[in-house]
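A.B. asks: Sharing a structure here in structure tokens format.
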Amino acid sequence: MDKKDNIILAFESSCDETSVAVVKNGNEILSNIVATQVASHQRFGGVVPEVASRHHIEQITYCIQDALDEANVDYEDLDAVAVTYGPGLVGALLVGVAAAKAIAFAHNLPLIPVNHMAGHIYAARFIGEIKFPALALLVSGGHTELVYMPEENKFQIIGETRDDAAGEAFDKVGRVMGMKYPSGKEIDELAKTGKDTFNFPRAMEKEDNFDFSFSGLKSAFINTVHHASQIGEKLDKADLATSFEQSVVDVLSSKTVKALGHFKVKQLILAGGVAANQGLRTRLDKELTAFKDVELLKAPLKLCGDNAAMIGAAGYVAFKHGVRADMTLNAEPSLEFEWMVEK
């Protein structure tokens, strides 16, 4: 390795993916090991925290060794250890934090605390350079946020969901339709074949703010399906999927466009698990044609879900800015972005 290179060992365990990665200079993936737990949670229709924690404990050591082996590096090649410490499930977070602290302590390496959502944003570094000021649309199972970044490693939430996250709504709607967890991809594929015939609500779309709400849409969808079931009416699943997805995409895109009109930025970053949705990606491509000076940077499809490579990218940025943690670092399940903004 070139001595000018920064090699970071990164950990991600905030929910139901155990992931360890080795990342060089914040933009090159040397390895990215992901042990998924989807099969274990499918029968419950969602993530069970206790089950997730146990799986992390079982897999973390194997993931560490696999990541080092695939990257062909040893501990002495590392410059730092980065770890997600929030937000997320507390038991799950603790596994990754404990492992990262142990390695940092044993090998006398700097420990870098990383906000999980910052990781999603910086996954875009694997596509290209992030230019500031920037706006990020973060859409996942647990969060839906518009984040303004005036400069590198500075974050300001300008809009967020008042209730359910968009990804959570996708999974609950999928369960009502009899789909397996997680159901976002299946809904997205089905939505390509249907029509928007149900006209589901677009909550808060016209309000003069950048916030979101998806609980009303979720309830309207569930009520529509249940009512049809009670009267023996058969609904077209493709039309249901299209109508639901269009409602979500309409709200996400309209709020993002509104934010772009208020904040002069160089880039719009689309990130998070729902960023893999083709309907949303296509809509933002279309909307950005009206903003000639704004570049759309979309997280790579394979890095939209939870993974440690994105934590390595965010960790590299934090490392450059002198962000460090000591051995008292603990999991913060309700961590927000404000801690990263200089007041």
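Cβ atoms here come from the backbone N, Cα and C positions, even for glycine.
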A.B. asks: Do you know which of Asn27, Asn32, Asn277 Swiss-Prot groups with Leu138, Val139, Ser140, Gly141, Gly142, Asp171, Gly184, Asp188 in the substrate site?
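C.D. replies: Answer, per Swiss-Prot (substrate site with Leu138, Val139, Ser140, Gly141, Gly142, Asp171, Gly184, Asp188), from Asn27, Asn32, Asn277: Asn277.
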A.B. asks: Given that Swiss-Prot annotates His116, His120 as binding Fe cation, state which candidate in Asp293, Asp306 belongs to that site as well.
C.D. replies: Asp306
A.B. asks: Please list, in sequence order, the residues in the chain of His116 (Fe cation binding site) that are at least six apart in sequence and whose C-beta is under 8 Å away from its C-beta.
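C.D. replies: Same-chain residues close to His116 (Fe cation binding site) (Cβ under 8 Å, separated by 6 or more) are Glu12, Ser14, Thr84, Gly86, Pro87, Gly88, Asp306, Ile311, Leu335.
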A.B. asks: Given a separation of at least six residues and a C-beta threshold under 8 Å, show me what packs close to Leu138 (substrate binding site) in the same chain.
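C.D. replies: Leu138 (substrate binding site) has long-range Cβ partners Met117, His120, Ile121, Thr144, Glu145, Leu146, Val147, Ala271, Gly272.
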A.B. asks: Relative to the Cβ of Ser140 (substrate binding site), which residues of the same chain, six or more apart in sequence, are found under 8 Å away?
C.D. replies: His120, Ala165, Ala166, Gly167, Gly272, Gly273, Val274
A.B. asks: For Asp306 (Fe cation binding site), what is the tally of other C-beta atoms lying within 10 angstroms of its C-beta?
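C.D. replies: Total other Cβ atoms inside 10 Å, all chains included: 26.
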A.B. asks: Measuring CB to CB from Asn277 (substrate binding site), give everything in the same chain under 8 Å that is also at least six residues away in sequence.
C.D. replies: Val139, Gly184, Asp188, Glu245, Val249
